[in-house]
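Trainee: Below is a structure I'd like to ask you about.
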Amino acid sequence: MARLFSPRQPPSEDLFYETYYSLSQQYPLLLLLLLIVLLGLLALFPVAWASGRELAADPAFLTTVLCALGGFSLLLVLASREQRLQRWTRPLSGLVWAALLALGHSFLFTGGVVSAWDQVSFFLFVIFTVYAMLPLDMRDAITAGVTTSLLHLLVLGLYLGPQPDSRPALLPQEHLLLSILPAYLAREMKEEIMARLQAGQGSRPESTNNFHSLYVKRHQGVSVLYADIVGFTRLASECSPKELVLMLNELFGKFDQIAKEHECMRIKILGDCYYCVSGLPLSLPDHAINCVRMGLDMCRAIRKLRAATGVDINMRVGVHSGSVLCGVIGLQKWQYDVWSHDVTLANHMEASGVPGRVHITGATLALLAGAYAVEDAAMEHRDPYLRELGEPTYLVIDPWAAEEDEKGTAGGLLSSLEGPKMRPSLLMTRYLESWGAAKPFAHLSHVESPVSTSTPLPEKSLSSFSPQWSLDRSRTMRALDEELDTGDAKFFQVIEQLNSQKQWKQSKDFNPLTLYFREKEMEKEYRLSALPAFKYYAACTFLVFLSNFIIQMLVTNRPPALTITYSITFLLFFLLLFVCFSEHLMKCVLKGPKMLHWLPTLSVLVATRPGLRVALGTATILLVFVMAITSLVFLPAASACPFQAPNVSSMASNLSWEIPGSLPLISVPYSMHCCVLGFLSCSLFLHMSFELKLLLLLLWLTASCSIFLHSHAWLSDCLIARLYLGTLDSRPGVLKEPKLMGAASFFIFFFTLLVLARQNEYYCRLDFLWKKKLRQEQEETETMENLTRLLLENVLPAHVAPQFIGQNRRNEDLYHQSYECVCVLFASVPDFKEFYSESSINHEGLECLRLLNEIIADFDELLSKPKFSGVEKIKTICSTYMAATGLNAASGQDAQQDAEQSCGHLGTMVEFAVALGSKLDVINKHSFNNFRLRVGLNHGPVVAGVIGAQKPQYDIWGNTVNVASRMESTGVLGKIQVTEETARALQSLGYTCYSRGIIKVKGKGQLCTYFLNTDLTRTGPPSATLG
């Protein structure tokens, strides 16, 4: 019952391969089988006429052949439609098998006396073709073969009584990466990395004049939105780490949903600042309207939040339209970003805006085309940047603001229901949970890799078949079945396009005549490829030889020469099998003398040496050929038949089947059957070339026909004379004459095996081609997965990436971590703002950005040094570089250590800041600039986490981060400014700091700050400069 109601498993690639094999290979073989049977039936007429028989005199023969022609012609018509065969494979195959059985038994009782050896070759042909040419699985083929043999024996046994002489002898990380970087950018990065790997170069490409790669493009006609949550800093100080990360994820998750609805792309999250762009990566005509609508929706969401919780927060939004440079810079921790004067203007529009309103420029207003009413915003005096520009700005009037205010007043507060004692942060967190924002990377937990990334089929059309096998339990069984049926339908459509006959004619990899690969190197590789299965081919050939031996020992008088010949042949076969299977005797051989330890290498030598394989295979087949007719070789070419003498009376019927000096007459048809088995031995070596098989089959056909139709034809005539002794008509029908039916069997098996050899040659080569392409695709897939992992680990910190990469990713909950002592660095190049310009000479700012990319990339190269392994890059904000140390420590570990040990990484950060300054000096020397670094440091507790479902981002928050940012923004060029607490910690580590004095810090009031003396290394005892 559990199995009955369990979900249906998706079809495996092996099942698809077997299905493809069954339909594409055996479909043409079925048609060829029917054609061979029809041609064989038609050939009986000229054979009967050439032998001097009158067809009208044998109505049973004529009726049987004509009925067979009609029946098999009808089967050929039914099988000529491949779609019909796909639907009725087993029934149609069963009809063909039944028709062959009926034809064989009809031949038994047509044209003369029924003998034990009648139609053995035909039933052997039925058994062979059921396995080799009908589209049946192994179980059905074995069942049909055994049934065929038993029916033949049963019919002959019932008719003749006991006859002792008649014995028949087939990439999750990508989704994660594309959720962080745009597809075109990720593809460009992968292609360049692949190009470097193939060229065997280092970290820098060949043709960029020693510049680092710049993944930046210019886009015109975009709108930039900046939004800041007013009052969030105070609220965040009251939150626990889990509450803070949950609150940020819910807020920014809601903003991501709004951005998706209005076709905006979120660029980055800077603390509680959110900014996005509309018109990237594809241009949109309504980009300005999209950003304004999004800004209004963000303000409404915050108003609803404030009305429901009573928490005093608001939203300030600024929008500007223009052009941007977009992409990533640096070498590590890539984050998609935008740069331009228009981006800077949008940032200032937000900073000088009004809480709860959307602040837009004249450029954006012109693109709105009257979609929204606006009012003038005379607030330029609040921002020097806007005041310097002197352009008017506007506030958008929200048409729904008045109605929402009335609903919010009437609705009451959630705080009144929860109680007055609940903290505002907890109250807000509970309300935000009702929004149901998706967790970072949550959409990846139910995504499986598509089947098509590693499909072995060589045609591009298979790319259309890539069903996503969802594991969503909410879907019904019927839905799963419909999806699987749809996938099967798509697969069979692809199979129809990959019909083997079409490939045979149209394949670009093969020569349609010789089937050789068009590429000489591939042809050479195919011919020199190893063949471990050769030993099994040899073993099967030995079974055919053994069958011939048993038949001849039973039906001949076993002359001494024949016994000696078979003894020698058995010795040769055992030697061949020992060589082929010697590797399986390794354990036994290694225990013996050392002089025999080389024997196991013989099988490896045979499997890997094509020339040796061809020689052994050819010798084995020829050995079977020769032994199949050895009993006839020792006989005289012609002899007198006692049953053909004119004076033989009716008492001659009591004569024996023996001929003096010759074989028993009953051995003649069985010798023909041995020759047929010799034909089959040639088909057992699957990977033998078609040309060699054709040569061997022609040789054997010529030899067999020469023996039974010419040199030893008298034996067949003598057997007929013995069977029809004393009857009025001494000539049987054509179906009962051994030499004629023997020759017909030889020709039928010759053409059948020739067709199979041609088909097998094609599929052996196609299998080699598929495996080669599959290996290449697997290598490419593995390479791309490694590249994807490399890129992802370059986006997420090393200790965070395992949370989201791999099969055991733990993304059911938000990732958050609190740290007691983290040193945060902000290092900026303020002079770059003056250096940046947009003109046609520098490609609208692109060349300026190239220099910034060099600066950031050189900074990133420092992170690869062992002494800076503890430094974690967080992000870059325009020309500001943010990093931290102490994030790779386990949570709570710092609290268990003393202050000196827990904050020992502060020294690493100081050394890193000094190294940044040295790097910038080198860049100045080569670029003829005079950039200087402004650095701010602070240490203390922080909260780290990953937020945002649409574009997950790792970040750190807390008062420590805010103060570090202020240390940089209020600092001095060429100096490292730190807080008093950080100065004391650095002094305990041996660094010298001197006081700057009391300065005013935005949001923090009056703070006493210090400059780090970077000209000195550690001085040992603490300095007295800190009083």
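Yeah, the Cβs are placed from backbone N, Cα and C, and that goes for glycine too.
Sharing the record's features from TrEMBL:
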BINDING   228-233, 270-272, R316, K875, 955-957, 962-966, K1002  ATP binding site
BINDING   D228, I229, D272  Mg(2+) 2 binding site
BINDING   D228, D272  Mg(2+) 1 binding site
DOMAIN    223-350  domain 'Guanylate cyclase'
DOMAIN    823-968  domain 'Guanylate cyclase'
TRANSMEM  29-49  transmembrane segment
TRANSMEM  61-80  transmembrane segment
TRANSMEM  92-110  transmembrane segment
TRANSMEM  116-134  transmembrane segment
TRANSMEM  536-555  transmembrane segment
TRANSMEM  561-581  transmembrane segment
TRANSMEM  619-645  transmembrane segment
TRANSMEM  665-687  transmembrane segment
TRANSMEM  694-715  transmembrane segment
TRANSMEM  740-757  transmembrane segment
Trainee: For the recorded Mg(2+) 2 site, whose residues are D228, I229, D272, find every other residue on that chain with a C-beta no more than 8 angstroms from the centre of their C-beta atoms, and list them by sequence position.
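Mentor: Here the non-site neighbours turn out to be A227, V230, F232, G271, C273, Y274, M315, R316.
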Trainee: How big is the gap, in Å, between the Cα of I956 (ATP binding site) and that of I229 (Mg(2+) 2 binding site), rounded to a whole number?
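Mentor: I229 (Mg(2+) 2 binding site) has its Cα 17 Å from the Cα of I956 (ATP binding site).
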Trainee: Which chain-mates of D272 (Mg(2+) 2 binding site) that are at least 6 residues away have a CB under 8 A from its CB, listed by sequence?
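Mentor: For D272 (Mg(2+) 2 binding site), the qualifying residues are D228, I229, F232, T233, A236, L248.
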Trainee: Grab the same-chain neighbours of the transmembrane segment (561-581) for me: Cβ-Cβ under 8 Å, and only residues 6 or more beyond its ends, written as numbers and ranges.
Mentor: 534-535, 538-539, 542, 545, 549, 552, 602-603, 606, 616, 620, 623, 627, 630-631, 634
Trainee: Among the binding-site residues I229, L270, I956, V963, whose Cβ has the fewest other Cβ atoms within 10 Å?
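Mentor: Fewest other Cβ atoms within 10 Å, among the binding-site residues I229, L270, I956, V963, is found for L270.
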Trainee: At 10 angstroms around each C-beta, which of the binding-site residues R316, R966 has the fewest other C-beta atoms nearby?
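Mentor: Sparsest of the binding-site residues R316, R966 by Cβ contacts within 10 Å: R966.
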Trainee: Give the nonlocal contacts of the transmembrane segment (29-49) in its own chain as ranges (CB under 8 Å, at least six residues past its ends).
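Mentor: Sequence-distant neighbours of the transmembrane segment (29-49): 55, 58, 61, 65, 68-69, 72-73, 75-76, 79-80, 85, 93, 96, 100, 103, 129, 132-135, 734-735, 740, 744, 747-748, 751-752, 755-756, 759.
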Trainee: Could you work out which of the binding-site residues (D228, G231) has its C-beta surrounded by the smallest number of other C-beta atoms within 10 A?
Mentor: G231
Trainee: Residue list, the transmembrane segment (116-134) vs rest of chain: Cβ under 8 Å, 6 or more residues beyond ends.
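Mentor: The answer is 26, 29-30, 32-33, 93, 96-97, 100-101, 103-104, 107-108, 141, 144-145, 148-149, 152, 156, 160, 163, 165-166, 168, 666, 669-670, 672-673, 676-677, 680, 683, 736, 741-742, 745, 748-749, 752, 756.
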Trainee: Please give the sequence-distant neighbours of the transmembrane segment (665-687): residues at least 6 beyond its ends with Cβ less than 8 Å from one of its Cβ atoms.
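Mentor: That would be 115-117, 120-121, 124, 128, 132, 165, 169, 531, 533-534, 537, 540-541, 544-545, 547-548, 551-552, 555-556, 617, 620-621, 624-625, 628-629, 631-632, 657-659, 693, 696-697, 700, 704, 708, 715-716, 718-719, 722, 738, 742, 745-746, 749-750, 753, 756-757, 760, 764.
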Trainee: Return the average pLDDT for the domain 'Guanylate cyclase' (823-968) as a whole number.
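Mentor: Within the domain 'Guanylate cyclase' (823-968), the model's average pLDDT equals 83.
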Trainee: Could you count the residues of the domain 'Guanylate cyclase' (223-350) that DSSP puts in helix, in strand and in coil?
Mentor: 59 helix, 39 strand, 30 coil
Trainee: Pull the DSSP breakdown for the domain 'Guanylate cyclase' (823-968) and write it out as helix, strand, coil residue counts.
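Mentor: Residue counts in helix, strand and coil order: 65 helix, 38 strand, 43 coil.
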